[in-house]
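Swiss-Prot has this to say about the protein:
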- Gly112, Ser113, Val114, Gly115, Lys116, Ser117, Thr118: ATP binding site (BINDING)
Amino acid sequence: MKYTLLGFGISNKEILKYLLKKGERVFVSEGKKLSEVDKEFLNSFGVDFEENGHTEKVLDSDVILVSPGIHFENDIIKKAKENNIKIDTEISFCLKEFEKINWFPYVIAVTGSVGKSTTVSMIQHVLNKYKRTLLAGNIGIPIAKLLNDDLRADYLVLEVSSFQLFWSDKFKPNISSILNIYPNHLNWHPEMSHYINSKFKITLSQDENDFFVYNPNDEYIVKNLGKVKAKKVPFKYDFEIHQLPEHLRYKQTIENVAAAKTIVEVAGFEFNIDFLEDFEKLPHRMEYVTEINGVKFFNDSKATNAAAVIRAVENFDGKLHLIMAGIGKNEDYTLLRKVLKNSVKTVALVGPIAKDVKPYLDGINFMECSSINEAVNQLFRIANPGDVIMLSPGGASFDAFKNFEERGEYFKQLVFQLKEGKS
């Protein structure tokens, strides 16, 4: 059998390693320029490849494995469908391969606009106290890596994105969950209904023996419950924020904990809030950096859409100086404007997102800066003791950084440099 890997990101790299181990023929087609390291790797295994675009060479294959970010209206995808070539994705491909090696884990899959990584990490953290549990998916651990490293466990927790779900038609987790739905990725999805339908594909193949755990406070989710065949279980909000460990006492964490708690209980285990005492918060998500002259700094670089920014901003009571940066996602910022008007002293805009957000900042004090470095320094000059300066960008990082992690680390480095100069 011959496979084409359409896109050569982190997931397809792991799939390539797996297919080569099996002795399959593989062709790699990357829309952008490949790095020299990637070319060396492909050449060392004698793998044919193309870069800077997808040609009809892609069609000389039995199966095309699509990277999540490939747009569904890509011309080569249309031609592949016309030629009846099987199109598959990492999720469904890997789950079928698990069956071939007689591994049948209990699968828990979580999606949502914000909070996915924190929630799946909490689920794994608690389940590991009972059973061996692996975590993979959109959190940065390719599912195919589990195959390559021959990792097995009783439970498999997956974080899945709308892109991954769009391409996955036969995905049947034992428990699926949608945390929330906010307008997001509308630069990829043509309209909101398309985005919602992609999210709900997480439960499309489930039946009455499976479970769908959902947020009862999200109107987009509640309106679409009729299409769910699995047993429907709403989040349990049976705890107070003050009961959470101190490092988790943020408003958005309530939803994460409610989801994780309900899912763990549906899986048949007790979820004690005390289990989170040793849960390590993920970096770049409401991450406290340091305090300088009474001004606190927070790194929320993972906030790449308006909904995530809103959830972060709501934790502060009018003493916030906010840095927004990066590339916007074709969003409506009306709700963000209302929250900013009540909660921030200053908004510093950096990069392409400035032109998207500026029209919504009437009556809000804002400044445009050429870099995050300039924004940090300008805001620190005007901040008073008791104020907070937070990077919560609201946009993708690709205008200036490789990913949100690199952006967050850069911000923290700037803050510590500032502290050294002030100490």
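Each Cβ is built from the backbone N, Cα and C atoms, and glycine gets one as well.
Each of the binding-site residues Gly112, Gly115 was scored by the number of other CB atoms within 10 A of its CB, and the lowest score belongs to Gly115.
Close to the recorded ATP site, the chain also has Val110, Thr119, Leu179, Asn180, Asn256: residues not among Gly112, Ser113, Val114, Gly115, Lys116, Ser117, Thr118 whose Cβ is within 8 Å of the site's Cβ mean position. Sequence-distant contacts of Val114 (ATP binding site), defined as residues of its own chain at least six apart whose C-beta falls under 8 angstroms from its C-beta, comprise Leu179, Asn180, Tyr182, Gln252, Ala303, Asn305, Ala307, Ala308, Arg311. There are 22 other Cβ atoms within 10 Å of the Cβ belonging to Ser113 (ATP binding site).
Neighbours of Thr118 (ATP binding site), defined as other CB atoms within 10 A of its CB across all chains, total 26. Take the binding-site residues Lys116, Ser117: by the count of other Cβ atoms within 10 Å of each Cβ, the lowest one is Ser117. Secondary structure at Gly115 (ATP binding site), taken from DSSP and collapsed to helix, strand or coil, is coil.
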